[in-house]
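Student: Below is the structure I would like to discuss, written out as structure tokens.
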Amino acid sequence: MAPKKPEPKKDDAKTAAPKAAPAPAAAPAAAPEPERPKEAEFDASKIKIEFTPEQIEEFKEAFQLFDRTPKGEMKITYGQCGDVLRALGQNPTQAEVLRVLGKPKQEELNSKMMDFETFLPMLQHISKNKDTGTYEDFVEGLRVFDKEGNGTVMGAELRHVLATLGERLTEDEVEKLMAGQEDSNGCINYEAFVKHIMAS
């Protein structure tokens, strides 16, 4: 008879005391927030004026309407710059206006003056860099507040958002904007609301 082969030993690890679990790795340090790219400073000398002479003449006439200097020196205050831009059909945010003005201090807005030659490159820059949202952008932004998914938002919530976020509107501005938009339940169809705003 052939000798018996020894049976393989069972894994001793199963019978031995379990090994201690390795210590958990230290939590990774929170990644620093990436730096926002710095906005390039506005440099009027690098702006190429592309308006026609006729357009420039029209702009000059509009600019002159805002001139409050005693001798009609063709100057406006920094604080009037946004108003003149908007009167000429542009729609810059207050932040954009302040950026092209070189981010003046609050007290400088009513004291510092600019002439038309200083203003024209600002107008050219703002008119070329229109970053206005599309209908879809606005609808998508309001859809966030559509809790029911039925195409409406609460009028009270929209009032609050318009008065407290981004470029805040005054109570009067909010009321004018929302006049006649709410249904009997205080809800607003936001697609119709965006069409109403964009048509204004």
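Quick reminder: no glycine exception, Cβ is built from N, Cα and C everywhere.
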Student: Would you please say which range out of 1-42, 85-126 has the annotation region 'Disordered' in Swiss-Prot?
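Tutor: It is 1-42 that Swiss-Prot describes as region 'Disordered'.
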Student: Annotation phosphothreonine per Swiss-Prot: which of the candidates T77, T134, T152 has it?
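Tutor: T134, according to Swiss-Prot.
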Student: Do you know which of S45, S184 is annotated phosphoserine by Swiss-Prot?
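Tutor: So the answer, going by Swiss-Prot, is S184.
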Student: Tell me which residue from Y78, Y135 Swiss-Prot records as phosphotyrosine.
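Tutor: Looking at Swiss-Prot, the phosphotyrosine feature maps to Y135.
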Student: Using the structure shown, find which entry in T93, T134, S184 (the modified residues) has the sparsest Cβ neighbourhood within 10 Å.
Tutor: S184
Student: Among all protein chains shown, how many Cβ atoms are found within 10 Å of the Cβ of Y135 (phosphotyrosine), not counting that one?
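Tutor: Its Cβ has 12 other Cβ atoms within 10 Å.
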Student: May I ask for the distance between S184 (phosphoserine) and Y135 (phosphotyrosine), taken between their Cα atoms and rounded to an integer number of Å?
Tutor: 25
